Amino acid sequence: MDHQDKAATVAMASRPQATQLQEPVTFRDVAVDFTQEEWGQLDPTQRTLYRDVMLETFGHLLSVGPDLPKPAVISQLEQGAELWVADRGGTGACHPGWILEPEDHTLLKDQGLPKMEPSPITEKDGFAKAVPCRSMIGIDQESDGQRQALKKDQSNLNDPKEIPLQSQSHKSLGLVEACVLGLNTYLLPDISGREYGCTYDSQVKNSEHNPSLVRQRTDSPATQSFDDNGSQKAFDQIMPITELTKSQVQDKPYKCTDCGKSFNHNAHLTVHKRIHTGERPYMCKECGKAFSQNSSLVQHERIHTGDKPYKCDECGKSFCHSTHLTVHRRIHTGEKPYECQDCGRAFNQNSSLGRHKRTHTGEKPYTCSVCGKSFSRTTCLFLHLRTHTEERPYECNHCGKGFRHSSSLAQHQRKHAGEKPYECRQRLIFEQAPALIKYEWTEPLGCDSPLSQGERTQRSDRPFKCNQCGKCFTQSSHLIRHQLTHSREEEPLRGRSRRQEQPCRRGSRLIQNTNSNSRELPVAQPKAGQASRTLALFDLREIMQEQNPVHVIGVEEPSVGNSMLFDTRESR
């Protein structure tokens, strides 16, 4: 009988067993037990690895069956307590995938197999930590030839070899012949990229096995190889689990019925569905804020505890979230990966780019529910809502006065501190910027001392100059308002025609009609409740329209570099 016939015989013999393995998997089937002596031989790193794997295994079982009760060992591991499992009859199991019954021990004793001895976790060839274990073989008691082959193979058990985790079990044999701290790859197709290996050494002929000895899913016989004697070849190399489970990772059988997104695990799908349902089962005990994931709650609790584990190496600033540190580092590196396609401006955050795009589109998605006014940012909407609610959250510590904005509070506190940060060209100091602007509108720019080079540069930025006092302005409209102050100071001249032209820089000028019948404009009197300094272009238009000889055709708002022209015509 050649190798292909033998492989076919093995496949046919294992088919009934494959049907039998469709039983519900319990935590006992995948748990790993250590005696007190064995637990004491593990170092802290190995115990931490054991804890992580056991908790992750139980989590995957919960994703399959949510009603699975929580074992006591899981509760102890979650609390971080030290534990050890009592010896179960003197035979320690190095793999949780199978449990030996009393009749199994008798069978092993009759077959002359050595007892299972756990070995410490080791590293080999740079791969992840693996758990060596002795292979347990199911024997056909009716075959004497296979008994002799078994005795021959027992001599090889003293020198175990490393095999890939994919060959966990073999249907042609009777028992699982690999172990990874209780890790079953058919239950855990993805374990966060960690790689495990296990020891294996067995060269035994095909035999029918005792079904009571196996409680583990088996691999396909097509993936197994046989030597000339029909026995399975020993594997002498370790392969990463990431390679072996690549097809399993790409397979996403769990699909969301709402949006069609697929996932590898049912637990991931359960968390994703909370986005559609709005369910937030994890609530903060401090502030009552709820979250859909436990990890989000843990990150939020750092706000209350003040824990900031992520520290910047450049400036030493700490953050409670790793994403905040990543964004902060772009300040030092100058990285701006988010670029606007309309103007080419770059930003270091995607949210900043989103806000910037609204300046091009004019979108204002945030609308006030009271008055209907829209805003492009949520912060602007929140500040606007305070005008309706009369909320003043910023209160002065000295006088108790409240303000809607923090900037208004800071401006108010300068009165108590006597701080005057605004300084004019004549070295006069003001508490607030509006007071400085008012002074510049009414007072000339002249200085007793010679101007410095910096002041000359600043003056050159004010091209509009008043001919009466020499004061300069940045905008022509400011010059017009300033000239009204001079007109109120002078006594109006009536019955006298004159031609007046006030040249300004950059071609700005005021042209009045030179007709002999034209008369001087009267003094503009401010209206009730209106400050004299607030007279603007529309006030000037009203004054000119009241006079019969002069009719205003139009007043154009000036801009820097353009002429300002008042077209006047004599009324007939």
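All positions are counted from 1 along the displayed chain.
Each Cβ is built from the backbone N, Cα and C atoms, and glycine gets one as well.
Annotated compositional bias 'Basic and acidic residues' per Swiss-Prot: 150-162 (among others), in sequence order.
Marked as compositional bias 'Basic and acidic residues' by Swiss-Prot: 486-504 (among others).
Taken from Swiss-Prot, the feature compositional bias 'Polar residues' applies to 510-519.
Mean pLDDT for the domain 'KRAB' (25-96) in the predicted structure: 70. The domain 'KRAB' annotation in Swiss-Prot covers 25-96.
Annotation source Swiss-Prot lists region 'Disordered' at 140-164 (among others).
Swiss-Prot lists 205-231 (among others) with the feature region 'Disordered'.
The annotation region 'Disordered' is assigned in Swiss-Prot to 483-529 (among others).
According to Swiss-Prot, the feature zinc finger maps to 254-276 (among others), an assignment based on sequence analysis. Under DSSP, the residues of the zinc finger (254-276) split into helix, strand and coil as follows: 11 helix, 4 strand, 8 coil.
Annotated zinc finger per Swiss-Prot: 282-304 (among others), in sequence order. Secondary structure of the zinc finger (282-304) per DSSP, as helix, strand and coil residue counts: 11 helix, 4 strand, 8 coil.
Residues annotated as zinc finger in Swiss-Prot, with sequence analysis given as evidence: 310-332 (among others).
Residues 327, 330-331, 376-377 of the same chain, all 6+ positions outside the zinc finger (338-360), place their C-beta atoms under 8 angstroms from a C-beta of that stretch. Residues or ranges marked as zinc finger by Swiss-Prot on the basis of sequence analysis: 338-360 (among others).
Residues 355, 358-359, 404-405 of the same chain, all 6+ positions outside the zinc finger (366-388), place their C-beta atoms under 8 angstroms from a C-beta of that stretch. The zinc finger feature in Swiss-Prot is assigned to 366-388 (among others); the stated evidence is sequence analysis.
What Swiss-Prot lists as zinc finger is 394-416 (among others), and the listing cites sequence analysis.
Taken from Swiss-Prot, the feature zinc finger applies to 464-486 (among others), supported by sequence analysis.
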On the DSSP side of things, how many residues of the zinc finger (464-486) fall into helix, strand and coil, could you say? 11 helix, 4 strand, 8 coil
